[in-house]
Amino acid sequence: YIYRCLKNYEQAHFYLKEAINLKPKEPIAYLICGEIFFWQCNYKEAINNLQKSIDYKAKINNLYIILGNSFLFSEDYYIACVCYNFALKNNSDNYLCFKNNACSYEKRHMYSEALNMLDKLLNINKDNSLILCYYGEILCNMKQYSKAISYFTKANIIDPENTHNLNKRAIAYYTLQDYNKVLLDLDKVIQLDPLNNLAYYLKCLIYYTKKDIDNAIMVFEKCKELLDLNDIKAKTLLFHLEYLLNKNNSTELNNILTKINQISNIKDSELLLFVRCKVYVELKMYHEAMLDLNLLYDKNDIYYLYISYISYIYLLREYTDFWLYLNVNNNNDLSELGIVNGFSKHMYEISQVYFISNLVNLNSELYQLQENDINSLSEKISSKKKELQMNLPMLYLNCHYYIIWKINVKEILNKDCFIKFIIKGFNSKRYKDSELVHYEHVLKYEEVLRLEGCGWIEYQLPKNVNEYYVQTSIEISGSINMQMDYVRYGHNEEEITYIPNICIGDLLPNFYKIYPNVPKTFKDKYFSRKEMENLLELKDIINHL
């Protein structure tokens with residue numbers, strides 16, 4: 001333990017090995033060993049030794065927090081939450097446990113649970129500016145931008161020189177189209193940090209959005225001076241701005257392509273691939289665009305990481321000729337499914353996504369329920385009636401996965417309500433004679449209430465479908481104001497997955513990959529080494545002997 005405190009881990013391991021040889025079932029030796037492996041970033045061995053310590057009946061208060069930290073840093077966020085919640089049963093006011101558990105929940109897109117942890121932290125210290133900023137970031141993920149701004153503002157009052165917080169508030173204002181306040185925040189950032197390239201990127205974007213092209217070009221030139229062109233993310237920002245400012249100029253677009261193609265590791269950057277794909281599409285170089293789209297597809301497991309890929313697809317959906325090109329040799333007639341355009345055809349055959357709006361082509365009465373939404377891939381169907389039942393046509397699955405609905409429960413108008421999902425599975429297209437599975441999943445009022453106001457989410461039904469042909473239906477009862485975008489087949493880690501805003505103005509999709517949140521940006525402060533080192537104290541060892 002003394003060598004551990006001196007950070008002489010080699011000598012510490014030497015004595016621990018001797019201790020374990022003398023007493024192979026000594027839990028405290030495995031605990032110290034596991035904790036040292038954690039500090040050596042060997043999380044696999046840390047977890048292995050800490051679990052042995054538990055198996056041998058170690059009774060140290062913070063053992064499950066140390067184990068949770070090991071799972072958190074090895075990116076197994078589900079087990080991390082399990083460990084933290086177990087630790088909180090014995091120590092319900094542990095500040096570090098709240099903080100790290102919030103991060104684990106946020107990584108799992110369980111935003112309400114993450115905010116619950118942050119609320120507990122703010123009850124302990126209401127003036128923690130990093131926690132207030134993180135709270136705002138999660139609210140933005142939940143699309144509660146006005147509320148998020150109030151938390152960013154509280155953080156700014158406490159720490160007015162935090163440029164990260166100011167940039168995040170600027171993005172929230174941008175989403176609400178309050179451009180003057182965006183510019184005020186960005187000017188403060190530039191005043192505090194004249195080399196803040198993100199602020200210049202956002203400022204150029206604002207002027208472009210306001211159609212103030214002269215100022216946009218001026219800021220773009222400044223951005224070029226400041227960006228570190230050895231940084232692939234910086235290059236991506238620059239090429240994106242250059243694309244926006246020249247999207248109607250084929251000569252300049254070709255110049256952008258030349259510069260992008262000089263980058264050797266472009267395949268490692270999803271966002272840069274997407275920018276190049278957009279340039280190819282604008283130039284009607286559809287074959288090259290298709291190759292980039294395939295690369296994006298391959299980089300995002302279509303069943304496990306679909307949300308990233310769908311963001312790219314969304315921003316290409318307006319290019320009708322591109323989708324016609326992708327289907328030029330595809331003679332499959334999907335009109336019996338209501339699929340009548342190239343985009344919907346591609347999404348169904350390649351991505352296993354069926355748009356609810358396809359049903360309008362099969363049932364004209366649904367036309368009156370159709371609405372547009374900036375974060376919907378198609379014209380969504382909206383339910384405000386007391387009763388609505390929709391039966392999708394029988395769809396073919398080329399794999400065995402879960403059925404996932406993209407829905408937005410805006411408002412519950414009557415407590416006496418429910419949503420029923422129905423799955424019928426067949427192994428033959430002549431389904432009337434071959435039904436193998438009939439499964440119903442009902443969300444009653446309390447469960448629907450959990451979804452109200454969450455914005456667009458993917459709701460995964462708990463039934464794994466093993467049949468090749470599936471007919472799914474939805475029944476809505478009791479006046480629920482609810483929107484539906486698509487049904488897809490795949491697998492999410494959670495029952496409920498929040499959908500990030502697919503389109504925030506002209507921001508790059510998946511912008512969070514360029515501009516991470518508080519725990520990553522302020523890693524040394526958020527995951528304080530001093531706090532975590534204090535989890536294992538000498539008295540714990542002495543008391544255990």
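Heads up, the Cβ atoms here are built off N, Cα and C, so glycines get one too.
According to TrEMBL, the repeat 'TPR' annotation covers 129-162 (among others). Residues of the repeat 'TPR' (129-162) grouped by DSSP class, helix first, strand second and coil last, total 27 helix, 0 strand, 7 coil.
Annotation comment: TrEMBL describes 163-196 (among others) as repeat 'TPR'. Confidence for the repeat 'TPR' (163-196), expressed as mean pLDDT, is 93.
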Beyond a gap of at least 6 residues from its ends, the CB atoms lying under 8 Å from the repeat 'TPR' (129-162) belong to 99, 102, 106, 109, 111, 114-115, 118, 121-122, 168-169, 171-173, 175-176, 192, 454-455, 498, 500-501, 517-519, 522, 525-526
Counting by DSSP secondary structure, give me helix, strand and coil numbers for the repeat 'TPR' (163-196). 27 helix, 0 strand, 7 coil
